Amino acid sequence: MPAHGPFETTHRAADGRYDGQEYRRTGNSGLDLPAFSFGLWQKFGTDHPYETQREIVLHAFDLGITHFDNANRYGPPHRAAEKFFGTVLRRDLAPYRDELILSTKAGNPIGPSPYHRGGSRKSLLTSLDHSLRDLGTDYVDIFYSHSPDPATPLEETVGALVTAVRSGKALYAGISNYAPERAHEAAESLRRAGVPLLVHQPRYSIFDRRPEINGLLKLAAEDGFGLVVYSPLAQGLLTNKYLDGTIPPDARARNSAFLSADDIDDTYRERATALNEIAQRRGQSLAQLALQWVLRQPQVTSALIGASSTWQLDHNTRALDFPPLTDEELALIDQHGVHGTGVRV
Ligand SMILES: NC(=O)c1ccc[n+]([C@@H]2O[C@H](COP(=O)([O-])OP(=O)(O)OC[C@H]3O[C@@H](n4cnc5c(N)ncnc54)[C@H](OP(=O)(O)O)[C@@H]3O)[C@@H](O)[C@H]2O)c1
């Protein structure tokens with residue numbers, strides 16, 4: 001008899017997994033999310049070994065990371081990351097489905113078909129069905145409109161999110177990459193439909209200050225939705241891995257279409273080195289400082305991180321073990337954390 005009844009699993013989750021992780025309330029909802037959520041955007045396609053990917057995901061769950069973020073696009077090829085997660089869910093995590101918050105997104109292009117892109121009802125709802133098949137689950141916890149689609153009426157996109165929730169295929173609705181004005185319209189429209197906006201997923205880091213500049217942080221508080229902020233390490237630029245002028249062989253700047261060696265220039269290195277010195281004076285790493293920095297904002301429910309090793313996960317999730325950042329430290333970080341450094345804005 002397998003350890004978990006009818007499920008054929010080889011994994012028994014760590015008993016103390018909820019002890020070391022902080023859980024934070026998402027906006028005005030009743031849902032708590034872990035301070036660190038895990039995303040499968042990079043290195044979870046078919047071009048990386050399944051066993052390494054599996055080890056990282058199971059380790060994340062053992063650390064109390066209950067929230068796993070996916071999208072129909074993630075791979076390569078598109079849909080591969082969801083298929084991968086579906087396999088782990090079936091083989092290892094099925095007994096824990098009710099302890100998992102799974103999200104997926106649709107709307108960004110995944111192929112030449114006009115129905116494989118955009119915010120139409122057809123695009124979003126057929127993609128959701130496909131994601132459920134790939135993930136091997138009856139429902140996702142959060143279904144996102146991946147990006148605003150100016151060519152589709154917002155009511156249609158919002159209507160598709162409402163249908164997803166009303167049909168039970170998603171428990172909550174989210175939006176991502178929406179500018180504040182459109183985010184507010186979406187929040188209002190969802191509220192009128194009785195499906196409050198749970199969460200917005202923007203990019204936010206010491207090197208990407210848009211949510212501060214454009215008022216999204218303020219809007220989140222006013223409209224009562226949470227923020228799950230992605231790329232809080234600026235894809236690895238806010239770690240010490242690129243500081244010595246070389247690019248390690250397995251680093252994302254070598255093997256991703258979204259970060260290149262050109263992004264790592266002298267200006268970047270000068271600023272990141274200064275930030276690293278602030279972190280060192282606090283007895284932490286630059287990665288830990290960068291994560292603590294986004295999580296200092298009460299509107300930020302969760303920092304959505306990636307990792308290519310269990311070491312990175314262990315290291316990064318200790319970011320909240322340090323004393324809060326002081327006003328003096330925040331002012332110093334502002335001096336060197338210049339918006340747009342190393343990231344394409
Ligand atoms: N909604 C959207 O449009 C959107 C867009 C992008 C991302 N996202 C979501 O956000 C998630 C996270 O994005 P992200 O991966 O860019 O986040 P990130 O946390 O900024 O970057 C993670 C990467 O940094 C490197 N790294 C992490 N910790 C490190 C450490 N301690 N030392 C050295 N290197 C370290 C690793 O890359 P290497 O080791 O490979 O160099 C790791 O994969 C995605 O998976 C996805 O779920 C959403």
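Counting starts with 1 at the first residue shown.
Cβ coordinates come from backbone N, Cα and C, glycine included.
TrEMBL labels come from automatic prediction, so no person has curated them.
Since this is a predicted model, take the numbers as computed values, not measurements.
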Correct range for region 'Disordered' (source TrEMBL, candidates 1-23, 116-138):
1-23
What residues in the same chain, six or more past the boundaries of the compositional bias 'Basic and acidic residues' (9-23), come closer than 8 Å to it by Cβ-Cβ distance?
2-3, 32-36, 58, 61-65, 91-96, 317, 320
Taking helix as H, G and I and strand as E and B in DSSP, count the residues of the compositional bias 'Basic and acidic residues' (9-23) in helix, strand and coil.
0 helix, 1 strand, 14 coil
